[in-house]
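Asker: First the structure, then my questions, so here it is.
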C-alpha cells in the first residue's frame, strides 16, 4: 500500500480565511436573512395561483398549463445543483447569490410586465374554458417562458448558497461560543424561511385574488427589489471565500480514471498485491469489494504517477481511495433515491388542487372568511411544521418504548411510512374529487366549468395534511439517510439528490398528464384532464397516482432489501475531524432538515 502526504493540509485553508473578524459577524445577518426571506415570499407567492393565470389570461388548456408548471418546477429544482457546482468550483458563494438575486428580479419584472401590458398576452376572453379564444403567439409565449427561466436560474443561485454563505459570516474557530452562535443562526434562518413561505402562500395569494394580477405580481417584484438592494448593500461587510474543488469534479475524475485505467488487472482483494493511492493519515487505505471496476481509479501504475509532494500528477488518471469510496457511496443509494421520484410527483401537485378549490365553496365558515384557492397548500406546510417540531419531543419518546430504539423509527422506516401515507393522500384526493364531481353533475353544473359546487372546499384539507405528513416522513428521512451513508464532505450531495429527485418527479408528472390527455380523449371521448373539471375525470387521475404509489412502495421494499444485502461487510469508516467540516456539521444538518421547505415543489 502507498501512503501519500496530503498536499491540501496546509495553513492556507479555511482557518486563515477567517483570521480577521473585521468582516462578517452578526452585523451581516440582516442583509443575508432578509435576502433569503424576501426572495422566498416573492417566488413562492407566484406559484400557487399561476395555473389560474395561464388558463384565464393565456387561454391554455388545464393540461398544458399543468405541464408548464411541472416543467418550471423541474427547472427550479435542477438549477440549485448547477448553482452549487458553480459556487464551489468557480465563482464563490457571494457572486453566485448576487447574480441569482439580480436574475430573479429581472425574471419577476418580466412576468409583471405580462400583466401590465395587454399586448404581452392574448386578447381578453370571457370564458376561455368554453369559448374558442385566441391563443398566445410565439413572442408572447417567449416573454412568459423567458420570465420563468430567469426566475429558475435566479433561484438556482440563491437557494443552494444562502445558508452556507450566512454560516461563512459567523464561523469563528477562536470563539468558544461559536457552535451556539451557529445553532442560533440556523434556528433563526429556518424560522424566517418558514414564516416567509407561510406569508407567500396566504398574503401574496390573497392580494392576487383581491387586487388582480398587476398588483399581485407587482408586490413580489417590490419584495425582490428590496432583497437585491439589501444583499448588495452588505457587500463591504461580507467574508467572501474563494471557491474550492467541487465533489462533482471529484466524481468525474474517478469515472475518468477508472476508464483510463480499464486495461489494468485488479488483483484478488486478499492478496494485497495492488498499490492503492491514499493520503497520509487517511483511514481509507484499501477500497471495498463492491463496484470493483472503480478501484482501478486508485491503483498506482508506477512511482512516476506521483510527484515529490505526494500529489497525483494527473488527477484524471489517479484518484485517492477516499474519492473512489465517495463515488461508490453515491451509486449505492441511487436505487433508494429513485423510489422517491413517485412521491415527488404527489408532493408537486400544484395545479389541480387549486382548480378544485376554485370550483368549491371556500368559506371557512358560512358567510365568513373566504380562503383563496391557491392558499390551501398552507395546510400541508402547517402539518409538515407541526410534525418536524413534534417528532423529536413527542413521537420519538413514545415510539422508543415499543421499538426499543432511541431514535424511534429507523430512517428506512420513516421513508417507507412516508411512501405509504402518500398512497393514502392520493386515494383521499381521488375520493374527494369523485364526490365533488358527482355533486357538480347533480347540481346541473356538468356543462358549466365556472360554476361553484355547493360543497365545502375544506374537504380538500385532509389530502393536503396527508401530503405534508408524507413529506415530513419521507423527504426529511431521505436526506438524513443520505447523510448517514456519506462522509461530512458529501453532506451537500444529500440536498442535491433530494432536489434532483424533485426535478425528475416534476418531469414524470408532466409526462403522466401529457400521456393521459392524449390517450383518454381518443375516439371522441372527453379527456380525464379536460378543461372542464366536471366533464373530466380528475378522480381517475388521482387513482392512477395511487396505483403508481402502491407499486412504488413494493419497489422501495425491494430497494432496501438489496441495499441491506450490499451493506453487510462493506461498512466504510470515513475520515472525519477535518476542522471546518466538523464545525459546520450543524450547517450541513440544517440544510438537510430544511430542504423540503427550502426548495420549491
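Here the Cβ of each residue, glycine as well, is placed from N, Cα and C on the backbone.
Under the heading transmembrane segment, TrEMBL lists 90-113, 144-167, 188-207, 213-239, 371-394, 415-432, 491-516, 540-563.
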Asker: What parts of the chain pack near the transmembrane segment (415-432), using Cβ distances under 8 Å and only residues at least 6 beyond its ends?
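Answerer: For the transmembrane segment (415-432), the list is 336, 339-340, 342-343, 346-347, 349, 353, 356, 409, 459-460, 462-463, 466-467, 469-475, 477-478, 481, 539-540, 542-543, 545-546, 549-550, 552-553, 556-557, 560.
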Asker: Report the listed stretch (90-113, 144-167, 371-394, 491-516) having the maximum count of Cβ pairs within less than 8 Å of the transmembrane segment (188-207).
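Answerer: Out of the listed stretches, 371-394 contacts the transmembrane segment (188-207) most.
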Asker: List, by number or range, the same-chain residues at least 6 past the transmembrane segment (144-167) whose CB is under 8 A from its CB atoms?
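Answerer: Contacts of the transmembrane segment (144-167) (Cβ under 8 Å, skipping residues fewer than 6 from its ends): 28-29, 32-33, 35-36, 39, 43, 46, 58, 68, 72, 75-76, 78-84, 87, 93-94, 96-108, 110-111, 114, 120-121, 136, 182, 185-186, 189, 238, 492, 495, 584, 587, 590-591, 594, 598-600.
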